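Below: one structure, written as structure tokens.
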Amino acid sequence: QRRCPRIYMECKHDSDCLADCVCLEHGICG
């Protein structure tokens, strides 16, 4: 199970996101 804090973060790449979050199509970490 991925550990992804539920924090609103804009992103361009997965590396912009925290922990195991990835950058989704709409430019938000999730």
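Heads up, the Cβ atoms here are built off N, Cα and C, so glycines get one too.
Here CYS4 is paired by Swiss-Prot through a disulfide bond, and of CYS11, CYS17, CYS21 its partner is CYS21. Cα separation, CYS29 (disulfide bond) to CYS21 (disulfide bond), rounded: 6 Å. For the pair CYS23 (disulfide bond) and CYS17 (disulfide bond), the C-alpha distance works out to 7 angstrom. Put simply, CYS17 (disulfide bond) is 9 Å from CYS4 (disulfide bond) when counted between their Cα atoms.
Using a 10 Å radius centred on the Cβ of CYS29 (disulfide bond) and all shown protein chains, the other Cβ atoms total 20.
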